[in-house]
Amino acid sequence: RILAWMGLEINTMAIIPLMAQQHHPRATEATTKYFLTQATAAAMILFASTMNAWTMGDWNINQISHPLATTTVTLALALKIGLAPMHFWLPEVLQGLNLTTGLVLSTWQKLAPFALILQISQNTNPALLTTLGVMSALVGGWGGLNQTQLRKLLAYSSIAHLGWMIIILQFMPALTLLNLTIYITMTSTMFLSLKIMASTKINSLALAWPKTPTLTTLIMLSLLSLGGLPPLTGFMPKWLILQELAKQDLPITATIMAMSALLSLFFYLR
């Protein structure tokens, strides 16, 4: 558990210089916000681990059995990756960074907390995971609707995708990994394409077609795939997750998730 905490702290410390490399008030503000949220989450993890060791006498992360400790660790990890309702820092931070650092924050930085969430998911309260998943999918859908900044759109997209991953975690962890892999691939494509075009707003994308038709087509396909439109790759994990939720007798949850995907798809289609 201590090693896991140390790993997360080193992970945070390593990205902070990358975030603050532009000497710009927005970048400094984003770095400060990121540092404070990550430090808070890490402190919560350490506190929960100590509490579990105190009550149960066990330091192993796979053996967290005290309900309060499990809940605290799950919420701390949710804060680390930006799941709703602990998502408020993510759009602000991503908006203050350049596209390269934004790419690292949206993809690589999610891996370590996800590895821990996967390890403790079987001991976690299922209702908590379901609530986090549904809220994230809804917040990701609603939040992105009135955005014109592409980085904020991608941040809300990240929140929605994380919701899909968390909701299926307790039933089929393999689907979570599939979804994470596809999400990382698509998001990397988006960030790198936007970096080549040097565009951070929707209106600059609208003018891109005459200049770079191939890249604009690629961006359009990536966005639609992130939204989960049927013939594209991004539809596969959503379909499998909805199928699994229906098998687990959770039709209402599946319906809410499908509806939230429509919200996301609306702003991707724009």
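Cβ coordinates come from backbone N, Cα and C, glycine included.
Summarising the annotation, TrEMBL assigns domain 'NADH:quinone oxidoreductase/Mrp antiporter transmembrane' to 2-263.
TrEMBL lists 35-56 (among others) with the feature transmembrane segment. Remote same-chain partners of the transmembrane segment (35-56), defined as residues 6 or more beyond its termini with a Cβ less than 8 Å from a stretch Cβ, comprise 1-2, 4-5, 8-9, 12, 16, 63-66, 68-70, 72-73, 75-77, 79-80, 89.
For 68-90 (among others), the entry in TrEMBL reads transmembrane segment. Here the transmembrane segment (68-90) has long-range neighbours at 8, 33-34, 37-38, 40-42, 44-45, 47-49, 51-52, 55-56, 109-110, 113-114, 116-117, 120, 123-125, 128-129, 132, 135-136, 138-140, 155, 158-159, 162-163, 166, meaning same-chain residues at least 6 beyond its ends whose C-beta is under 8 angstroms from one of its own.
As annotated by TrEMBL, transmembrane segment applies to 127-146 (among others).
Per TrEMBL, transmembrane segment is recorded for 153-171 (among others). Panel annotation: around the transmembrane segment (153-171), residues 78, 81-84, 87, 90-91, 93-95, 102, 106, 110, 114, 117-118, 121-122, 124, 126, 129-130, 132-141, 143-144, 147, 179-180, 183, 187, 190-191, 202, 226, 237-238, 241, 244-245, 248, 253, 257, 260-261, 264, 267-268 of the same chain, lying at least six beyond its termini, place a Cβ under 8 Å from a Cβ of the stretch.
Residues or ranges marked as transmembrane segment by TrEMBL: 177-194 (among others).
If you look at the transmembrane segment (215-232), the same-chain residues 6 or more away from its ends with a CB under 8 A from one of its CBs are 157, 161, 183, 186-187, 189-190, 193-194, 196-197, 205, 208-209, 238, 261, 264-265, 268-269. Among the features that TrEMBL reports, transmembrane segment is placed at 215-232 (among others).
Annotation comment: TrEMBL describes 252-269 (among others) as transmembrane segment.
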| request: Could you give the residue numbers and ranges of same-chain residues that sit at least 6 residues beyond the transmembrane segment (127-146) on either side and whose C-beta is under 8 angstroms from one of its C-beta atoms? | output: 71, 74-75, 78, 83-85, 87, 91, 121, 152-153, 156-170, 250, 253, 256-257, 260-264, 266-267
| query | the transmembrane segment (252-269): which same-chain residues, six or more beyond its ends, come within Cβ distance under 8 Å? | reply | 130, 133-134, 137-138, 140-142, 144-145, 147, 153, 156-157, 160, 163-164, 167, 223-224, 226-229, 238, 241-242, 245-246
